[in-house]
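These come from Swiss-Prot:
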- G125, P126, P127, G128, C129, G130, K131, T132: ATP binding site (BINDING)
Amino acid sequence: MARGELMKKLLASYGRDEDFRAVAEQIIDEEEKKNNRVLARTLRKTLEAGPQRTQSAPKALAPLIPFPEAAADFVERIEPEHNRNDIVLSAANVRVLLGLVKEFRRADEIRQHGLKVRSKMLFCGPPGCGKTLCAEIFAAELGLPLFRVKLDRLISSYLGETATNIRKTFEFARKQPCVLFFDEFDALARTRDDSGEHNELRRVVNSLLLFIDNMQPKGFLIAATNLDRSLDAAIWRRFDEVLWFDRPEAAMIGRFLKLKFKNVPVAFDPARNSAALEGYSFAEIERVCTQAIKAMIIERRKQVQERDFNRALQDEARRRAGQARLAPMI
């Protein structure tokens with residue numbers, strides 16, 4: 001994006017913490033891509049050292065209706081344990097999510113103009129890249145309870161029962177303001193073109209399409225998948241937004257490393273190792289950081305040394321190599 005446009009967006013967002021920070025992060029990322037690393041580092045330090053957004057008390061959650069027995073077997077309440085400071089997202093995803101939050105807060109006005117409010121999202125990407133964490137934080141930002149669908153209970157071996165269970169779940173979301181979260185969505189929405197699938201699973205997909213079409217939630221429907229290519233082709237247009245959670249690039253890795261070590265004394269700059277971690281998921285990078293911190297604790301030192309980090313990285317690389325050998329067998 002042209003620098004002039006970014007500066008205009010930055011000034012326009014002044015006073016709105018989320019927007020201001022998102023644009024500032026875009027500017028810093030642009031400088032890093034242009035190899036202006038000293039300037040980027042200075043800007044990031046300035047941003048982090050600025051007045052901290054107050055860690056506001058959790059937003060008041062939407063009132064809970066009495067939990068219906070019909071849905072109790074298929075959904076579980078997830079209590080939020082994280083906030084927006086605990087996640088690193090791409091600038092594109094931040095922009096979409098902020099737009100959805102604003103729409104939700106002005107939903108009545110939008111509907112008065114005869115327009116539809118976006119309420120159905122599909123999260124795609126490899127494991128460990130933040131899909132579930134994003135759903136949790138998104139629900140907390142809206143002040144809505146998060147309910148995760150228990151697929152092991154939802155999917156039944158009895159003819160027609162899975163579709164009945166799906167209907168009960170969607171009826172619950174229609175009455176209860178919430179974020180309804182389907183993880184591993186491909187288990188339900190697998191393509192009907194797969195010759196190995198039997199007629200019952202095809203009927204399940206047909207029912208699912210119908211329920212999503214007719215759903216008018218008081219909150220949001222979020223579905224997440226690691227296997228987007230396995231989804232039925234008709235599923236995609238049922239969602240108002242599709243967000244991609246890819247493995248992070250160097251700039252995002254640097255931010256994530258600083259986040260993971262922010263409360264731990266370190267004897268090196270973790271962000272210097274960003275390039276070595278390209279291609280890793282956030283979950284893998286977090287495991288490297290955790291193991292490095294554990295090494296400091298075990299050896300009773302006051303700081304994490306770079307050698308701790310490097311050893312943890314070597315262990316993770318070994319683990320990845322083993323998984324790569326197994327990949328053709330999975």
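The backbone N, Cα and C atoms fix where each Cβ goes, and this holds for glycine too.
Since we're looking at a predicted model, the values are computed, not measured.
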Remaining residues near the recorded ATP site, that is with C-beta within 8 Å of the centroid of the site residues G125, P126, P127, G128, C129, G130, K131, T132: F123, A224, N226, F245, S281, F282, A283
Residue among the binding-site residues G125, P126, C129 whose Cβ has the most other Cβ atoms within 10 Å: C129
For P127 (ATP binding site): intrachain residues, at least 6 apart, with Cβ closer than 8 Å: N226, S281, A283
Residue among the binding-site residues G128, G130 whose Cβ has the most other Cβ atoms within 10 Å: G130
Fewest other C-beta atoms within 10 angstroms, as judged across K131, T132, which are the binding-site residues: T132
